[in-house]
Amino acid sequence: MKWLRVLPRQCILLVTCLLMVLEAVPIDIDKTKVKGEAHVEGEKVENPDTGLYYDEYLKQVIDVLETDKHFREKLQTADIEEIKSGKLSRELDLVSHHVRTRLDELKRQEVARLRMLIKAKMDSVQDTGLDHQSLLKQFEHLNHQNPDTFEPKDLDMLIKAATSDLENYDKTRHEEFKKYEMMKEHERREYLKTLDEEKRQREESKFEEMKKKHGDHPKVHHPGSKDQLKEVWEEADGLDPNEFDPKTFFKLHDVNNDGFLDEQELEALFTKELEKVYDPKNEEDDMVEMEEERLRMREHVMNEVDINKDRLVTLEEFLRATEKKEFLEPDSWETLDQQQLFTEDELKEFESHISQQEDELRKKAEDLEKQKEELQRQHDQLQAQKQELQQVVKQMEQKKLQQGNPPAGPAGELKFQPPGEHKVGDAPKHPAGGDQPLPPVHVQEPAARTDQVHP
């Protein structure tokens with residue numbers, strides 16, 4: 001049995017998500033109508049991105065451990081507490097030498113990658129004297145004190161880091177969504193300030209009209225209730241609502257046949273409810289809000305059904321939930337448009353934070369503009385000095401010409417020679433004979449005078 005779980009759409013991975021490999025879950029597929037698509041045992045499943053900065057390292061470690069028969073057998077019998085406590089990590093000492101060697105190599109590659117990231121980050125701020133060992137302490141998914149070998153402590157730290165980081169993923173998404181909504185309202189109010197009274201009233205009326213139109217939708221069933229599941233049974237699965245059977249429903253929507261409904265499989269059950277409220281073609285419907293609504297529905301069902309809080313719903317947990325009163329007679333479900341997502345005080349605090357950030361950015365922009373002006377001033381000054389020097393050189397050359405001295409070249413040499421004067425090596429060449437020397441000239445001696453008196 002494979003042990004890495006395919007992560008939900010929101011990239012949520014907990015310890016139990018490290019135990020099995022699942023196929024990606026399609027939404028609203030009637031398994032009674034699909035033929036020839038059965039899962040093949042041993043088939044390689046592409047794992048989605050967890051969203052963690054050590055995602056690739058996590059996947060590679062899982063893939064290598066999965067190849068060891070002993071470790072895989074221990075996983076099949078281990079419970080959640082054994083994994084969380086680190087007991088399972090100690091089984092690493094019993095895996096094959098080849099697996100340990102490969103894990104050592106993966107860890108060295110990860111440490112090298114982190115060091116490279118640290119150096120790049122520090123270089124960007126022009127810092128010096130990097131202490132990689134101290135900086136590696138900020139990474140909690142590996143043992144930085146031993147950068148060369150993969151030990152049981154490394155597996156324990158990797159599991160706990162992934163668990164902690166991804167347990168907080170939903171909380172982080174809720175906070176980001178809240179900021180998103182406050183930013184929308186902030187921008188809307190800022191826009192209204194730019195309008196005159198008449199246009200402002202028209203915009204306010206349009207805004208209220210769109211809110212009303214968005215809220216005018218069919219009743220949304222309580223997530224996980226009998227009515228909600230029966231609607232999926234009838235409309236998505238194409239089955240008779242009068243023959244609804246919880247056990248059959250569970251097996252139909254356990255898409256990968258692993259005996260669990262994971263978070264992604266649960267979220268697929270809410271598509272019909274979300275389509276009642278959100279339509280991407282409608283201006284008044286926000287798809288970001290739709291995904292937040294989906295997340296809220298999944299969290300609610302998990303809190304109601306997942307007894308051992310392992311982020312998986314077993315058949316036993318599912319059937320037990322169908323026996324509760326809440327399953328048959330649930331409370332009404334309030335959609336996001338029926339809730340106050342933030343208070344005025346929270347919005348004011350958010351706007352104050354935005355204003356502070358804008359002031360900081362404005363100050364940085366002003367500092368950069370001053371630096372630009374100073375650089376331009378220095379550039380202009382250098383250009384003026386250059387022009388002055390060129391003018392001085394020109395005046396000196398003109399003065400030399402007036403005094404009868406030839407102007408000098410860039411290296412101080414004369415540009416031309418006065419008539420009759422040549423520099424050494426500049427003797428004129430003879431037109432005939434090229435560089436050959438002239439033949440010697442024989443001068444005839446004068447004839448002796450006959451009237452010369454000899455002593």
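Using the three backbone atoms N, Cα and C, a Cβ is placed for every residue, glycine included.
Within the compositional bias 'Basic and acidic residues' (194-211), the DSSP-based counts of helix, strand and coil residues read 15 helix, 0 strand, 3 coil. If you look up TrEMBL, you'll see 194-211 (among others) marked as compositional bias 'Basic and acidic residues'.
Beyond the ends of the compositional bias 'Basic residues' (212-223), by six or more residues, the same chain brings 231, 269-270, 273, 276-277, 282, 284-285, 297-298, 300-301, 326, 330-333, 335, 337-338 to within a C-beta distance below 8 angstroms of the stretch. Annotation comment: TrEMBL describes 212-223 as compositional bias 'Basic residues'.
Taken from TrEMBL, the feature compositional bias 'Basic and acidic residues' applies to 359-380 (among others).
Look at TrEMBL and you will find 381-395 tagged as compositional bias 'Low complexity'.
Annotation comment: TrEMBL describes 420-429 (among others) as compositional bias 'Basic and acidic residues'.
Residues or ranges marked as domain 'EF-hand' in TrEMBL: 241-276 (among others).
TrEMBL lists 293-328 (among others) with the feature domain 'EF-hand'. When averaged over the domain 'EF-hand' (293-328), pLDDT in the model lands at 91.
Sequence annotations record features per position, and here TrEMBL assigns region 'Disordered' to 194-226 (among others).
Annotated region 'Disordered' per TrEMBL: 347-455 (among others), in sequence order.
Annotated signal peptide per TrEMBL: 1-24, in sequence order.
Under 8 Å from some Cβ of the region 'Disordered' (194-226) lie the Cβ atoms of residues 188, 244, 269-270, 273, 276-277, 282-285, 297-298, 300-301, 304-305, 321-322, 326-328, 330-333, 335, 337-338, all in the same chain and six or more residues away from its ends.
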